[in-house]
Amino acid sequence: MRRYLLFVALLFVSLGIKAQALRPPAHRSKTDSLNMVRDSVTSKPFVPKVKPEKVYHPDSTHSPHKAVMRSLMFPGLGQIYNRHGLWWRLPAIYTGITLLAINIYSNGKDYNLFLKESEWRAHGRIGNEPLPVYQGNVITNILDQTIYDYKDNLRRNRDLSIFGMVGVWGINMIDAYVEAKFMHSYSMDNNLSFKITPSITAPPVYASNFNTTFTPSLKITIFLR
């Protein structure tokens with residue numbers, strides 16, 4: 001009887017081991033595999049992207065010499081080449097030149113009129129030349145010295161207007177050069193900064209014997225990166 005029971009027990013054990021060996025392995029889905037890999041990798045900390053600062057690059061092709069020469073040939077042409085502040089530079093230049101040109105013309109015309117009258121009064125009128133008229137009136141009724149003085153004033157005003165024209169033309173050239181040189185050749189970005197701090201200025205050495213005190217002042221420091 002014992003042998004029979006032992007035989008039955010061994011038969012059940014062997015059948016259980018065989019069934020376990022024939023059982024197929026459990027199938028894992030791709031999602032489970034990805035989750036396992038994802039969990040095994042340590043997550044990186046979030047770092048926000050920093051937008052880089054805008055850097056100003058000077059225009060190396062912009063020539064101050066061209067700006068000056070164009071303004072020399074024709075007023076305002078250098079400013080058009082620079083393309084900065086045209087809305088107020090060109091009107092200012094042409095207004096000044098136009099007013100000075102009108103002044104040169106009017107003073108020159110009147111100067112020639114009074115110059116001829118002065119020569120007639122100094123050397124006599126030649127033949128039957130017509131009497132000069134100034135603003136609708138014959139100027140022969142005016143005193144000689146008044147004619148001479150007015151002639152000199154007209155010449156001075158004409159000459160000053162000519163000098164003013166040359167000055168405006170020169171300022172036009174200088175403005176074109178400065179605009180082309182400093183606005184296109186130098187950087188004015190965040191790499192250049194300055195700081196203003198209060199300070200105290202000591203008296204000069206030659207004033208050390210006097211009862212002088214320290215003078216409050218402002219100190220300006222320029223930083224270049």
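Residue 1 is the first one shown; counting continues down the chain.
Note: Cβ is positioned from N, Cα and C throughout, glycine not excepted.
Unlike curated entries, TrEMBL annotations are predicted automatically.
According to TrEMBL, the features are:
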type: DOMAIN; residues: 61-214; note: domain 'DUF5683'
type: SIGNAL; residues: 1-19; note: signal peptide
type: TRANSMEM; residues: 86-106; note: transmembrane segment
type: TRANSMEM; residues: 160-178; note: transmembrane segment
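Away from its own ends, the transmembrane segment (160-178) comes close to residues 64, 67-68, 70-72, 75-76, 78-79, 81-82, 89, 93, 96-97, 100-101, 103-104, 107 of its chain (Cβ-Cβ under 8 Å, at least six residues beyond either end). Taking the domain 'DUF5683' (61-214) as a whole, pLDDT averages 83 in the prediction.
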